[in-house]
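What TrEMBL records for this protein:
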BINDING   Trp60, Tyr68, Arg69, Tyr70, Asp123, Arg149  substrate binding site
DOMAIN    101-202  domain 'Fe2OG dioxygenase'
BINDING   Asn108, Phe109, Tyr110, Arg193, Leu194, Asn195, Leu196, Thr197, Leu198, Arg199  2-oxoglutarate binding site
BINDING   His119, Asp121, His175  Fe cation binding site
Amino acid sequence: MQVLPKGVRHIPGYLDRPRQEALVESIRDVVAAAPLYVPEMPKTGKPMSVRMTNCGSLGWVTDRERGYRYQTHHPGTGKPWPPIPDVLIHIWRAVSASDKQPDACLVNFYSADARMGLHQDRDERDLETAVVSISLGDSCLFRVGGRTRGGKTVSFRLESGDVVVLGGEGRLAFHGVDRIYPNTSTLLKNGGRLNLTLRRVNL
Ligand SMILES: O=C(O)CCC(=O)C(=O)O
Ligand SMILES: [Mn+2]
């Protein structure tokens, strides 16, 4: 058993299959109201390999001109993001150890060749409340380290139904997704991996 950095908690199999299925259904409704789109890297405009959307009062977006930020509206439709489904609020309450509510939920969709480079979550005003991340569908290789780039990292697989909490000293841990393992889950009909990241943005 590997030792994870302080404040980083991996809860394997937190959601059983029926709860995973219910969650996918509620995310289908989110995506119907707020379609997945291709985010662009700041300055270069290079497309990210992960497709994204959000629910909650604020959504994380990025594009060439304005870079990483939170905003109240979907960049494509101009509409407010749909609300965070109750099932997600319940998970947050059970694992975040916070009395605050999440005000943002980023929905990441990874096809077989998508990945996410090592980064910190630090676009929030609140950098103390934990970040709660839920994995659905195909497995991935997740990497997490400390608060400085270039330090030691550990890698482990995230499977469908797993939850990761970055709290306390782990709140600003560098983390990323090195690869997806295609066809490792039957949860999503067309394969791929869904990640739901719940955060508290405003103080
Ligand atoms: O997909 C994941 O497990 C991590 C996603 C992530 O780190 C992010 O969206 O900031
Ligand atoms: Mn992140």
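Positions of Cβ are set from backbone N, Cα and C atoms, glycine also.
Considering only the binding-site residues Trp60, Arg69, His119, Asp121, Asp123, the residue whose Cα is spatially closest to the Cα of Asn108 (2-oxoglutarate binding site) is Trp60. When secondary structure is read from DSSP and collapsed to three states, Arg149 (substrate binding site) falls in the coil class. Cβ atoms within 8 Å of the centroid of the Cβ atoms of His119, Asp121, His175 (the Fe cation site) belong to the same-chain residues Leu118, Gln120, Arg122, Leu166, Ala173, Phe174, Gly176, site residues excluded.
The separation of Leu198 (2-oxoglutarate binding site) from Trp60 (substrate binding site), Cα to Cα, is 11 Å. In the structure shown, across all protein chains, Tyr110 is the one of the binding-site residues Tyr68, Tyr110 with the greatest number of other Cβ atoms within 10 Å. Residues Asn108, Asp121, taken from the binding-site residues Tyr70, Asn108, Asp121, Leu196, are distinguished by a CB atom under 6 angstroms from ligand 1.
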